[in-house]
Ligand SMILES: NC(=O)c1ccc[n+]([C@@H]2O[C@H](COP(=O)([O-])OP(=O)(O)OC[C@H]3O[C@@H](n4cnc5c(N)ncnc54)[C@H](O)[C@@H]3O)[C@@H](O)[C@H]2O)c1
Ligand SMILES: O=C(O)C[C@H](O)C(=O)O
């Protein structure tokens, strides 16, 4: 017997990440090849955006995906989020050249207050929320705080793109295979202050730290390359990353829903106080996922260099939180 369809809400559905994301969700890459889905797509209630959304829907229909059991187009978050099992909050303004993601806070914060409230009102009580729209960690914090009746652990932010970027740089540096990297993580904010940490990682069974054995490269090449990759893509493409962002969103949700088979993945999740990060700060942590739940990997050694990086990214997140206090 086929499974009951999962309701997947995606905001900003007619945007560039939406276009790289929806077809993969509908083909079963996110929730599995045996899981039917109903897509509930939100765009701003503006004629042009809604028309573009209709065009995307026509293309989804023309793919005749066997797993796609329905499509809802909405201009109202309470329609898009009704009974949603998954919500991918992508819709927000992207940054342009010369901007930092935090510059988007004023423009985007209100979106996440409204969407948090709508999720609180109409979504499934188990809804799994991934915030992609920038600044992702603080937007996830806003949505979580605006949805007091939903479990706080259901709100997450996307650090997976940073994790994947770090993995790719490590594979290139060591000459190993990206698929053979284990125990990599990225701590903190999805911003240049993030701390991509390979101290515990292995590649092809060998320690990444010992193989690279170059702290100068770590501090002055690797971390800035991963931290500033988004800006480098904007500079090169004239637009922010889209296919790689959609890919990371699929990875994040797939692992959360279907499990990481004991492997570490990076998710931005509300802290419970782990590693001295104050409760509720949405922070990139190493997690292991199983049965639809994630668990932060605890007890890792934090050396002086790492502590300095954690302090810096935390201070930035706390500054962002202060900036949105008036909305909550
Ligand atoms: N966390 C990450 O790793 C990561 C990676 C890439 C991009 N991003 C962010 O994702 C966001 C979307 O990027 P994009 O390239 O798809 O942008 P885009 O401009 O191509 O698309 C955004 C879409 O969202 C829609 N939108 C805006 N406000 C909305 C609202 N309140 N409700 C519903 N839809 C709304 C817009 O109409 C537009 O169609 C940006 O904030 C970008 O910075 C995050
Ligand atoms: O950098 C951006 O503004 C987009 C995104 O967050 C990215 O990291 O590519």
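For all residues, glycine too, the Cβ spot is worked out from N, Cα and C.
Curation does not apply to TrEMBL; its annotations are automatic.
According to DSSP, the domain 'Lactate/malate dehydrogenase N-terminal' (7-155) comprises 66 helix, 27 strand, 56 coil. Summarising the annotation, TrEMBL assigns domain 'Lactate/malate dehydrogenase N-terminal' to 7-155.
Sequence annotations record features per position, and here TrEMBL assigns NAD(+) binding site to 12, 13, 14, 15, 16, 17, 18, 108, 115, 132, 133, 134.
For 95, 101, 134, 165, the entry in TrEMBL reads substrate binding site. Of all the Cβ atoms in the protein chains shown, 24 others lie within 10 Å of the Cβ of residue 101 (substrate binding site).
Summarising the annotation, TrEMBL assigns domain 'Lactate/malate dehydrogenase C-terminal' to 160-325.
DSSP classifies residue 190 (active site, proton acceptor) as coil under the three-state reduction. According to TrEMBL, the active site, proton acceptor annotation covers 190.
Checked against residue 12 (NAD(+) binding site) by C-alpha proximity, the recorded positions 95, 101, 134, 190 yield 134 as the nearest. Among the binding-site residues 12, 14, 16, 18, 133, 165, no residue has its Cβ under 6 Å from any atom of ligand 2. Least crowded of the binding-site residues (16, 115, 134), judged by neighbouring Cβ atoms within 10 Å of its own Cβ: 16. Ranking the recorded positions 95, 165, 190 by the number of CB atoms within 10 A of their own CB puts 190 at the top. Looking only at Cα atoms, residue 18 (NAD(+) binding site) sits nearest to 134 among the binding-site residues 101, 134, 165. Between the C-alpha atoms of residue 133 (NAD(+) binding site) and residue 165 (substrate binding site), the distance comes to 18 Å. Checked against residue 134 (substrate binding site) by C-alpha proximity, the recorded positions 14, 16, 115, 190 yield 190 as the nearest.
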